[in-house]
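Quick look at what Swiss-Prot lists:
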BINDING   Glu321, Cys457  heme binding site
MOD_RES   Ser440  phosphoserine
Amino acid sequence: MSVSVLSPSRLLGDVSGILQAASLLILLLLLIKAVQLYLHRQWLLKALQQFPCPPSHWLFGHIQELQQDQELQRIQKWVETFPSACPHWLWGGKVRVQLYDPDYMKVILGRSDPKSHGSYRFLAPWIGYGLLLLNGQTWFQHRRMLTPAFHYDILKPYVGLMADSVRVMLDKWEELLGQDSPLEVFQHVSLMTLDTIMKCAFSHQGSIQVDRNSQSYIQAISDLNNLVFSRVRNAFHQNDTIYSLTSAGRWTHRACQLAHQHTDQVIQLRKAQLQKEGELEKIKRKRHLDFLDILLLAKMENGSILSDKDLRAEVDTFMFEGHDTTASGISWILYALATHPKHQERCREEIHSLLGDGASITWNHLDQMPYTTMCIKEALRLYPPVPGIGRELSTPVTFPDGRSLPKGIMVLLSIYGLHHNPKVWPNPEVFDPFRFAPGSAQHSHAFLPFSGGSRNCIGKQFAMNELKVATALTLLRFELLPDPTRIPIPIARLVLKSKNGIHLRLRRLPNPCEDKDQL
């Protein structure tokens, strides 16, 4: 029996043929993909012909214009040039339509469109599918289940805990005054708001502001903020597998692990405590139920409890949303008051007449500082903690001016653009608290620091209380002055940050009690 042996030349010929066939197949697939992208872009151009926008690159869209932390400045220019809405082209023929008109906002927020899957999904490895990312009936069930955690009776005792956390931060600032240099406040405020969340929502004993281990969690959250935002804008990081192989993907994985270790520890400690305390009625007689108690003890409509996965997702979501957005709000409020000393002093006079030296602040005080509240709202208008929120249209929509968008379009409700829209807010860059004076006329959707509609921020009242407590106690202790050498540059991340930090000079104010003692 003879055995045929392939010659090297024949073997090379076979390999060459396979490679040629593979190359042709790849070229064909690329051609098909290119045609699909072209046809999709043509469809989008036709669908958006009623919405003019600046010239864009055929492949990279407006990405290059918005890459160098200039997005907010660009949005302000587009708001002035293009009425109500403006398409923002991304790489590869993708587009999102920026909305910054209150009538447009009202239409979208009155619908039940899901969060945009394209960009929000990048948050899932970090915060899971909790209240922020869920859609449809599951979201509705979770929202209804969590609403009791934000009832007034639950929130009232939190005011004292908030004040305790703020005082720890202010004491630290007093110690740093001797260094005679401006203070970067965001990091301090972020640690304070995390401390507040831990005390109020998770009944943590002590203060994590003096616990160095908490710094790693704060850093992980800061890193994830930047990493997720950068990934959304990077055409090569959209695929999960490819992203996991990059340095940014590995960094994201490590940061997620740190964040999850923190929340897992919080959950396990509470589970052990609940087992010791016994039945629900016995627990209620001992103490108030907090956010974590309600999560662990609540049941879904079908009688089942939350799975460990769902539980961690809700805790991670609230941990992030409850401290990072509030930290942004407080930091920018303090900066706004530092740059407007007359308004700062008027707030201080109001707070001093109400609280004296601030030794005690309660729930009832929070509705008795109208001018301070006006200043807080005006700062939130200028510096909204969440610059924008996305929706993917589940059905076509027609706006009040007759223009329409088809199903499947991604819209970005630009809260920053809305708050800086000169047609909505005359002289939008001017700090004017009297925009929010009692009786002032406003469109119902002109001011949306906590979003709006059925998916508005569930912790809105909690956050507003914390903003008031932090502002009041800080103004009683310090005079705030800006650092003229480092003016903050707002940049859009998951929350509104400053590219170069928020640096303030602090001047210790005399304590009225100390003055009396000297007399």
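Placement of Cβ uses the backbone N, Cα and C atoms for every residue, glycine included.
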Quick check for the class: what is the C-alpha distance, in angstrom and rounded, between Ser440 (phosphoserine) and Glu321 (heme binding site)?
30
My understanding is the cutoff is Cβ-Cβ under 8 Å with a sequence separation of 6 or more in the same chain; which residues meet that for Glu321 (heme binding site)?
Leu132, Cys457, Gly459
Recorded positions (Ser440, Cys457), the one with most neighbouring Cβ atoms at 10 Å:
Cys457
